[in-house]
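*Asks:* Quick one: the structure is below, questions incoming.
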């Protein structure tokens, strides 16, 4: 029979598990020291933590380590590459290198110098929208909450507003015509219950099913506000009625300003208003003359049968 665990031993085991979870937990990208906010001491502009100011190229008075996040090295005896026994160091006396990926200072601790370059979270931090890296803009880096892609500070809201849009025009599975119950927010595709699972692959019950294409965790489609991509072909009228109601002039000028900025109500207007009025007056005069000619012709046609009847009566 195994011995019963005492209360003190149970507490120690729980504390071990808790510390293990804390060490292995995933820290959000916005809370990492290499992506911390920084305000320049000289130009007072807010930006991402970096070795030199993005705007004025000045050095910070108190640089922050990109790995451990400390400002002051308080280790009297430790793994410091530059030994300083009995003395606390700050500023440039604490730093040891500049990271090529996040452009931030790394302290002179041996552990930070060896580990940060291999585990820097901003190694491939290129914005999905503008395709700029850390060195091309001064803002911080964020991740999309849907597709988990890198975004700069300027495009993060615009991208996340349009991220839940499928590449297809319906919610059907890409391999069959069944309704896609699972959606991959990175590939922007839907999968049914049969095609989301790969053959010969074991899945955990309590974990989301990975995408068969990119291995990113899929989400249930009904839990998301997914929308489909719509394609509009042909000439689309801008805020007016259909072409059948107004003819072919509806797209160019009907209902206010048309495609070319004209204010006509049914077509083009090449000349000025005065020219149009004069041309209208000339057209009215010509139409009156035509009406008089028509009346004279009608009178002559009516008088001819009367003359024939008079001739017959005299005979």
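Yeah, the Cβs are placed from backbone N, Cα and C, and that goes for glycine too.
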*Asks:* Which stretch, out of 40-56, 108-124, 193-209, is listed as zinc finger by Swiss-Prot?
*Replies:* 40-56
*Asks:* In Swiss-Prot, one of 127-147, 148-168 is tagged zinc finger. Which stretch would that be?
*Replies:* 127-147
*Asks:* What range among 173-187, 218-232, 233-247 does Swiss-Prot record as zinc finger?
*Replies:* 173-187
*Asks:* For a three-state summary based on DSSP, what are the helix, strand and coil counts in the zinc finger (40-56)?
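*Replies:* The zinc finger (40-56) comes out at 0 helix, 4 strand, 13 coil.
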*Asks:* Based on DSSP, tally up the residues of the zinc finger (65-102) by helix, strand and coil.
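*Replies:* Tallied per class, the zinc finger (65-102) gives 3 helix, 9 strand, 26 coil.
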